[in-house]
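Visitor: Residues or ranges marked as domain 'UDP-N-acetylglucosamine 2-epimerase' in TrEMBL: 66-404. Per TrEMBL, active site is recorded for D547. Here TrEMBL flags H599, C609, C611, C616 as Zn(2+) binding site.
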Amino acid sequence: MEKLSLLNPHKLYFLKIQKKKARMERKNLDESNLCKKRLRVCVATCNRADYSKLAPIMFGLKAHPDEFDLEVVVLGSHLIDDYGNTFRLIEQDNFDIGSKLHTIVRGEDEAAMVESVGLALVKLPDVLQRLRPDVLVVHGDRFDALALATAAALMNIRILHLEGGEVSGTIDDSIRHAISKLAHYHACCTRIAEQHLIAMCEDHSRILLAGCPSYDKLLLSQHKGDYMDIIRSWLGDKVQEGEYIVALQHPVTTDIQHSIKIYGLMLDALLSFNKFTLILFPNIDAGSKEMVRVMRKKGIEQHPNFRAVKHIPFEQFIQLVSHAGCVIGNSSCGVREAGAFGTPVINLGTRQTGRETGENVLHVRDADSHNKIYHALELQFGKRYPCSKIYGDGNAVPRILKFLHSIDLNEPLQKTFCFPPVKDPISQDIDHILETQSALAIDLGGTNLRVAIICMRGNILKKYSQPNPHTFEDRMSLLLKMCKETMRDAVSLNCRILGVGVSTGGRVNPQEGVVLHSTKLIQEWSSVDLRTPISDALHLPVWVDNDGNCATLAERKFGHGKGVENFVTVITGTGIGGGIIQHNELVHGSTFCAAELGHIVVSLDGPECSCGSHGCIEAFASGTALQKEAKRLHDEDLLKVEGMDMKLSEPITAVHLISAAKMGNSKADTVLNKASTALALGIINILHIVNPTLVILSGVLASFYQAPVQQVISERALVSTQSTRVVASNLEEPALLGAASMVLDYATRRTY
């Protein structure tokens, strides 16, 4: 207080204002953090079919009011009398409908569908602007859903698309895939659908393999005891379980006339088959009006064996499908939900071509005659098949809720696509023409610290080397000094340095640019952030990785691995290391220790390894291990043979062991055979795990090991891998070249 009293009144007032402002900022921050806890999710439903998939998610969101704020928008055929005014089902489920949008232009033809999309696009912006959802949940492949996704994408609203990646063989495919491209997140039903989305260049980290949400409800309600009451309420008291047919056929908008013909043939076959049939009206797609005319012309609504309905609540529909003698038509319900009950299905036409199905589905794709459909009814009616869970296991909703909760609203809204590698574009920028695009490559070895300028073609334009200091401070000081000097030289060489790549021993987190812990060869080299100080000093992007991974990247860009999708590099030097390329990607592993190939155990009682274990490849086949054996033989006076040149002052190395073996020393030969076999057995294990097409041996011992390793593989590997080629690297500086490749591939927008 004494200090404050010395200040003049203006300064005291200023301090009070500052404190008040700080309190307000803290309060606003607390309020914003509280708001972040509730994700505002808008679920938009267009028709009876998509509500059956969305309702379980809506119930899940509603059950977690502390995490989610649910908004419901209803549009499309939900609001049409002829289709049952199915929005009432949503109200009966106690959901508050935030907006009802009349978006259907009647006409049931192609033009009406287009006009309906346009009308939806006119009305949706006001609704979305008012609701301001964090995420919009859109289902499937309907034209209404396309309007929803288009509006949300243009209004910078994140989109979660359900059931993307599936294939059904009609215009629905084009709409479904278009929505997937607009969507930021995906919850798909099957593994194949997931692979389709990945093939469409969608980000794998934003794809959830959830299963179908409707399976959560139908698998629970499958064994309800009131199913006979439901059957009788829709088909009459005389109908028994398994003695009726459920028919549901929709128009195919790409071939309306043919789908109308198939519909007529199906009705004729059902009339001839003479079984009780529950037939649902077709959906609102173009051609539906003509199909209804065909049904009425044949007197289906008045026929005693038929009950024609516009809508059935999903829970009751599930029971009717579950206990039917057969389902016929081209609805996705036949190939999806019916399989969960083992109900026999006859799928007519091409509307579901490409869908994954269980053995319960009999396809009549060329349904061009009454007799063909009738024969299919004879084959399928009354059968029972094993239950299939291709589309879900009943746990989709918890997965989707967890996925929604994981969405980071602070991430950039602009979605990115994971395109496959492409050829380097030819740039017309004058700087690119006049200057040589290059990388600054650093190799932090146990003995030397090396820096080089390397161009796109892998040519080392200039290289610098200094002894690697023993302390962290001295090492970083020398490293930054060498980098700055190299940058000055790059100007005189007319090189544009695109970035810095660092190759270092030990376990590295390449995402953060941190050396987690290093080998014994590099002291004081654990938990070291290399990226930040180098980037701050040079004002360039920096990439860091393990030296084994860098050697593998060098092979992929400049060596034997160029153009090879799957290969393994094994480094045979002081230690044993390497890297794995799988589907053109470098494998790092969950804790960044993938491809520690030197520590594959090939003998339970083998020699002790530097890692503390026993019987590792490195304990048999590394340069250190061979040097140890050479010294042992030398000490026992068993190394030198007649004609072998050995100076007394010369240190014993692996080279002496190899020379002795070549000159007929059986002891040395035995040691090398054991080392070669151990290395080959480790590589065989790799072949049997990742199945590469090529093995590249790198390092000072590569040329010696190549032939014996190839021989052991041809004798002891599985037949399917015995032909795998083993080659010795022809790269002179793999660590530096690999460090450069990280920069050059990233800077030219290729995959690393």
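Just so you know, glycine gets a Cβ as well, placed from its N, Cα and C.
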Visitor: Under 8 Å between C-beta atoms and at least six apart in sequence, can you list the same-chain neighbours of C611 (Zn(2+) binding site), or say none if there are none?
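Guide: Once residues fewer than 6 apart are set aside, C611 (Zn(2+) binding site) is near H599, E618.
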Visitor: The domain 'UDP-N-acetylglucosamine 2-epimerase' (66-404): mean pLDDT?
Guide: 90
Visitor: Among C609, C616, the binding-site residues in question, whose Cβ has the most other Cβ atoms within 10 Å in this structure?
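Guide: Of the binding-site residues C609, C616, the most buried by Cβ count within 10 Å is C616.
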Visitor: Between C616 (Zn(2+) binding site) and D547 (active site), what C-alpha distance do you get in Å?
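Guide: A Cα-Cα distance of 19 Å.
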Visitor: Sorry to bug you, but what's the C-alpha spacing from the residue listed as 'active site' to C609 (Zn(2+) binding site), rounded to the closest Å?
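Guide: Counting only the Cα atoms, the answer is 20 Å.
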Visitor: Cβ distance under 8 Å to D547 (active site), same chain, sequence separation 6 or more: which residues?
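Guide: Sequence-distant Cβ neighbours: D443, G445, S503, T504, G505, I571, G577, A735, G738.
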Visitor: Near H599 (Zn(2+) binding site), how many other Cβ atoms are within 10 Å of its Cβ?
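Guide: If we count other Cβ atoms within 10 Å of H599 (Zn(2+) binding site), we arrive at 20.
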Visitor: Around the Zn(2+) site (H599, C609, C611, C616), what further same-chain residues have their C-beta within 8 angstroms of the site's C-beta centre?
Guide: G598, V601, S610, G612, S613, I617, E618, A619
